[in-house]
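For reference, the structure discussed in these notes is given below.
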Amino acid sequence: MTNTSAPLGMFSVSKTFTGEEDGLDEPDPEYGFSWRCETPAGDAVPEDGPGSFSLTAESTWTSDPLPADSTCTVTEDALPSIADGYTWHTTITVPGSEPVEGTTVDVTVPSVVDAPDGLAIVFENALSPEPPSPTPTPTPSPTPTPSPTPTETPSPTPTPTETPSPTPSDTLTPTPTSPPTPTLPPEPTPPPDGPDMPDTGASGLGVLVAGLGLIGLGLSVLVLSRRRIWG
């Protein structure tokens, strides 16, 4: 007889724990998972919705046989509670692929011919303290630029106006005025010949008085002329 049944396969999920056990709220907690597959014929497994299972550290869950080449999605959706200040980091490893960080993985189920023990999926949970929040570096306040002190513009010193010195006027040298030449009174006309009169000397005295009067008049005129020139 010819075996006409389709080849079968299966997958398994293992749990590992690393990190700070002190951060766990309870020792050896359980980790919850959900899964669902679709066969090459398009049938959903499980038929009534996603399946679920729980694991503790260092334990493994294995699926029932499935048609080979079924595609399955596995999600770790229930992490244990932890203390404040701690955080989870989950890494998923699938044979033939690089480890990836996350909580969900999609796989294709190989036949038992290629993988007699099934496809082994490993979920590794690492618990570590949260890094301290970095202290924000304060933004330095900009140093205000001082306003320049206005420099008072000095008022120009007025240039003193030189008072012109009066130009000395030439001093006129008074022209000496010659004193008037005294005019001698004419000699009296001798009386006509007649009887001789007695000589009393009065005629000579009159001439002298008249001459002195003329000299005094000339001096007065000279003094007045000089006063007008020097005044």
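Placement of Cβ uses the backbone N, Cα and C atoms for every residue, glycine included.
Please treat TrEMBL annotations as automatic predictions, because they have not gone through curation.
Per-class residue totals from DSSP over the region 'Disordered' (1-67), listed helix then strand then coil: 3 helix, 32 strand, 32 coil. The region 'Disordered' feature in TrEMBL is assigned to 1-67 (among others).
TrEMBL lists 11-109 with the feature domain 'DUF5979'.
Annotated compositional bias 'Acidic residues' per TrEMBL: 19-29, in sequence order.
Outside the compositional bias 'Polar residues' (53-63), and at least 6 residues removed from its termini, the chain residues within Cβ reach (under 8 Å) are 10-17, 28-33, 35, 37, 72, 78, 118, 123, 125. If you look up TrEMBL, you'll see 53-63 marked as compositional bias 'Polar residues'.
As annotated by TrEMBL, region 'Disordered' applies to 126-202 (among others).
Summarising the annotation, TrEMBL assigns compositional bias 'Pro residues' to 129-167 (among others).
Feature annotation from TrEMBL assigns compositional bias 'Pro residues' to 176-195 (among others).
What TrEMBL lists as transmembrane segment is 205-224.
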